[in-house]
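This report concerns only the one structure given below.
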């Protein structure tokens, strides 16, 4: 598991209280029953019920095909950071490429802002890639013969934007990602982190509706990776742009994601907020995956509290329901007694030493199937 | 194939540690292949022997000289009247003549001052001060040697030939780079063209165009365009897929992708292609003097015909200098443009103002030359090296050729090599039953490569028999094998030494650089000086020509052996010899096989050209065919050369296709 104590200590404090309002928000990407099968007669696989239930290995043995994406459905809402997480070979990179048809999906429905992406002709698709969805790649994909500013301006150049205008915009983006002064360098003269900033600036320069990240920071050193993650979090806070973020790093997923889809063998095994993934793993695979996550830094007191007993609802420090366990531990330790969980002046419950310790010690596993959407 | 059983590799066998290729030849699958062939041979050979006998059967020979002669006559008769010639080939030929003439006149009009200044300044801009100095010295030396006019003739041919080759090659490469089907179609053709000796191209163009500048130029283009096409296609295909995907993700159209990403990403390969094309073109322009190209090559050719070593050397020196200047300039341009870092230097040194300055200075100097009335290099400033060189050669003939105490003399060596190596080998090959030869070819090709390469090799060999040139081909083959053996012994030896010693390699490198730059033709001159004429000098020239590539590949192969493997062997206490024998050589096997393959191809090229200096056999047939107008004889020999080249390449072709180009 990639998470370490040091890595997780930076998980942002502000766990967004968006879960309840989710369904009312605008949908950017709507994916339904999406398949991507590689191999001979790939298009027959998704409709053939005799093979769709097979495991990846059985499928390969029986048909010679590999299903990289299997019957995947999800919505990406406007303004959220939607993380797709999985180990290598789980199909996550294929999935994100299907969104702009860099890889042609085999079957299923794919809509962006209500438009059928799979039905688009070349011109419409090109327009989608040029203006609506820009991608940041693991290995940067920069043009080695161009300067930083020309790389950043490349997307605009493709669109036919005039030279001075695109230069101006590109310079602005270079500043925005913190590379001011390096405009005239070539990618080969930059460090990995700087190159990825160029990749990010190039994606931002076309002012896309959605940013797609394909394991953008996997090739970077751990410290640089942290910087870049914070950069993404900062950009998201400032601009509120919708992001689809692919990663194999759980700590990264927890750090940047509003919602996480956990993939395995081409299928989504669980989709939910970081708290849901960590607090209520859908199966043993997910449980195994999140085992080393410092739970007190992901879970909130909502999950730890118990009902208030007589008189308890009136005393002790008050905490919001979205307070992290780690913060609650501090509050409880300082006051020496139990703390109240208060929402809108109403006491929801009580957290004391015992309930907080139970969460940290992992003996709070909920018995009810409180699994995500 | 498992039915033949797989005996375990015995410990004894491992301990004897034969050289790497043999060791791996004999592993299990090799044995199975051999067994299969032996069974097949046991059935077929008695039948063939009973039916045809040991010499190539005349009933299996097709006499093509009649039809070829008629074709040749027909072409000569119809060259002025048939629409194909009048409306297509005629125009082509005129265009060639006009453009070569135009460039030549331009060079003459610039005068020696203008040309020297122009070339020097261009070399300075593109490649820096040192190469500019080399260029300046080279042109001055050409003038001093009295070779100004032939140099300009060669230069004019080169300009047109390189422009045409690069254009044709780039277009073909572009097509093959963009279309998978075309790539699959073109690649084997281009790969094969790269292994064929230059001589093979001469006859077909002469058949169509007759002797003259158009034939020379087209032969050059056919010879020099393949590397450009090959490298363009490979460069376009080798583009980083991550970059191309990023470009696609931004919504680039196919055209935008080609112009802004694929072509710029392939610029290194494109420039390498230009470099290789230039070197091959120079090599061919010189050889094409046999079919009507004027210039330096013609001077060498004439001088060699009368064994005038001094005159040959005077013409060869400018060829070598020209080759070095062109190679270094284009290589430096490639490095500079291929670099991922921007050009440095003051602003005035970049962009069009500099080029305008270069043009202006050239024009001024050309004008100065013109006004002072010396367009062609002034005759007073010349240096006659032919006579002293010839005197020196006479001295060598008297003192070094024979009778030197203890070591003997160069002519003695040549005679011994002929008597003790070439003759027995030739006689042995000729005496070997033809089916035996075919079987050996099949076995070798199959062991080293695949059944496909074996089949091609056998068919090529059989074609030689069918054409009725079995005997001369065996003669040529004997020279190739003898020269190859010498090349490999020296090449592997020097290569191993160079891989072991950084200092030795540093000394060797510039020597190899120069040797690899020189056109094949030039190698004939020193060997004629040393060994007179005959088959031994031809073989010697082949050895010298092929050595640099073999040494290079061996050294690189040994150097690239996984350092961890060497380190672990050393940590176990292996001696240097043990490391070499048991770790480095086996691990460098692919490189060694590649060295053999390249060695064969290069040796064959020069053995054939050796026909000019008494090498005899196929090369001589081509020369005679050209000289006497007996195109049928020359064409048959040319086809046999192609077949021999194909056979030798396929026999030594490792399963994986080589990736390096042939060089100059």
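Cβ coordinates are placed from backbone N, Cα and C, and glycine is handled just like the others.
Annotation comment: TrEMBL describes B:151-330 (among others) as domain 'ABC transmembrane type-1'.
Residues annotated as domain 'ABC transmembrane type-1' in TrEMBL: B:473-652 (among others).
Under the heading transmembrane segment, TrEMBL lists B:103-124 (among others).
As annotated by TrEMBL, transmembrane segment applies to B:131-149 (among others).
Proximity of distant same-chain residues to the transmembrane segment (B:155-178), defined by a Cβ-Cβ separation under 8 Å and at least 6 residues beyond the stretch ends, is recorded for 96, 99-101, 103-104, 107, 115, 186-187, 213, 216-217, 220-221, 224-237, 258, 262, 266, 270, 273-274, 277-278, 281-282, 284-285, 293-295, 322, 326. What TrEMBL lists as transmembrane segment is B:155-178 (among others).
What TrEMBL lists as transmembrane segment is B:199-225 (among others).
The transmembrane segment annotation in TrEMBL covers B:277-296 (among others).
Beyond its flanks by at least six residues, the transmembrane segment (B:303-326) meets 119, 123, 131, 134-135, 137-138, 141-142, 145-147, 150-151, 154-155, 158, 278-279, 282, 286, 296-297, 385-390, 393, 514, 517-519, 521-522, 524-525, 528-529, 532-533, 612-613, 664 of its own chain at Cβ-Cβ distances under 8 Å. Positions annotated as transmembrane segment by TrEMBL: B:303-326 (among others).
Listed as Cβ neighbours of the transmembrane segment (B:354-377) (distance under 8 Å, sequence separation of 6 or more from its ends, same chain) are residues 108-118, 121-122, 125, 142-144, 146, 148-149, 348. Taken from TrEMBL, the feature transmembrane segment applies to B:354-377 (among others).
Taken from TrEMBL, the feature transmembrane segment applies to B:454-470 (among others).
Counting residues 6+ beyond its ends, the transmembrane segment (B:482-501) has Cβ neighbours under 8 Å at 417, 421-422, 425, 508, 539-540, 542-543, 546-547, 550-555, 557-559, 576, 580, 584, 592, 595-596, 599-600, 603, 606-607 in the same chain. If you look up TrEMBL, you'll see B:482-501 (among others) marked as transmembrane segment.
Beyond its flanks by at least six residues, the transmembrane segment (B:521-547) meets 283, 286-287, 297, 300, 304, 307, 309, 312-313, 316, 319-320, 393, 396-397, 400-401, 410-411, 413-415, 417-418, 422, 479-480, 482-484, 486-487, 490-491, 494, 515, 598-599, 602-607, 609-616, 619 of its own chain at Cβ-Cβ distances under 8 Å. Sequence annotations record features per position, and here TrEMBL assigns transmembrane segment to B:521-547 (among others).
The transmembrane segment annotation in TrEMBL covers B:591-619 (among others). The list of residues near the transmembrane segment (B:591-619) in space but at least 6 beyond its ends in sequence, with Cβ under 8 angstroms from a Cβ of it, reads 20-21, 195, 197-200, 287, 301, 304-305, 448, 469, 472-473, 475-476, 479-480, 483-484, 487-488, 491-492, 495, 520-521, 523-524, 527-528, 533-535, 537-539, 541-543, 545-546, 549-550, 553-554, 556-558, 560, 585, 637, 640-641, 644-645, 648-649, 651-654, 658, 660, 662.
Long-range contacts of the transmembrane segment (B:631-648) within its own chain (CB-CB distance under 8 A, at least 6 residues past either end) are made by residues 64-66, 68-69, 72, 192, 195-197, 199-200, 202-204, 206-207, 441, 456-457, 460-461, 463-464, 467-469, 472-473, 476-477, 480, 600-601, 604, 608, 618-619, 621-622, 624-625. Feature annotation from TrEMBL assigns transmembrane segment to B:631-648 (among others).
Ranked by number of Cβ pairs under 8 Å to the transmembrane segment (B:199-225), the listed stretches B:103-124, B:277-296, B:454-470 are led by B:277-296.
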